[in-house]
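Trainee: Okay, these came from TrEMBL:
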type     : residues : note
TRANSMEM : 31-53    : transmembrane segment
DOMAIN   : 45-295   : domain 'G-protein coupled receptors family 1 profile'
TRANSMEM : 65-90    : transmembrane segment
TRANSMEM : 102-124  : transmembrane segment
TRANSMEM : 145-166  : transmembrane segment
TRANSMEM : 197-222  : transmembrane segment
TRANSMEM : 243-262  : transmembrane segment
TRANSMEM : 277-297  : transmembrane segment
């Protein structure tokens, strides 16, 4: 396949071909409908959850602030993914511009980094609420919440941008990306020169993007387990119940992320194509649908407010 080259940088392609779409060609209209419905469902569920929390002052608690952050991030990630997937699905060539591909890499990777960071902060919030209930509001002050929100928002954006500058300086001679969307390592494989240092720096970056958050989560749940062990059975059940949505969200996202990392770093040709496509979409789509349901229907105060909100809408 002959590469289209730019006039400004000889040898550099202008587009990448997303080869994963070839196996979806016969069912593209049905899949387009599924992706469109999923996108609308994700936007609706997350917007509804944010609206309910915003309009009810009794829900203006630290945990719900972080829940809103999670919903905003879900919409950010799915907007970077699904509209582009639908557009490429319906195109004849399944090609995307290098500029958009590079932008999508940044959007999707920062979504993933922010998601884990927000979940770590939510774990810390549960630790304070269960282990230090009498001092909860003094510890989780407005100032501290603002700092945690800023840290969870800016840390992934800035840290990944520093690493991503290495990719932006590359010239691309290959033009094949064997996925439905652009990810950094697949883009780097199309570089005109061998750049093994990017993979090494990427692995180091993962340490900074995962280890601090992982330590925070493990510490939080170790302390929660210690305190719950001293509580009466009824109190223990009540305390653990508040952790269930967070634990499910954390496991769900971790499983999806592991699928994506394994697919990117290792040869997965022995796995059926349909399975690889599903697993590649898991880490964004499944959490984006499940999380607003978990925090909307799984939290009693939010569930009650949501019920009232729906009743008022039906009467309007």
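Glycine residues also receive a Cβ, built from the backbone N, Cα and C atoms like all the rest.
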Trainee: Do we see three or more Cβ pairs under 8 Å linking the transmembrane segment (31-53) and the transmembrane segment (145-166), pairs being at least 6 apart in sequence?
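Mentor: Result for the transmembrane segment (31-53) with the transmembrane segment (145-166) is no.
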Trainee: Who are the long-range neighbours of the transmembrane segment (277-297) in its own chain, taking Cβ under 8 Å and residues 6 or more past its ends?
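Mentor: 20, 23-24, 38, 41-42, 45-46, 48-49, 52, 67, 70-71, 74-75, 77-78, 81-82, 108, 111-112, 115, 179-181, 245, 248-249, 252-253, 255-257, 259-260, 263, 271, 303, 306.
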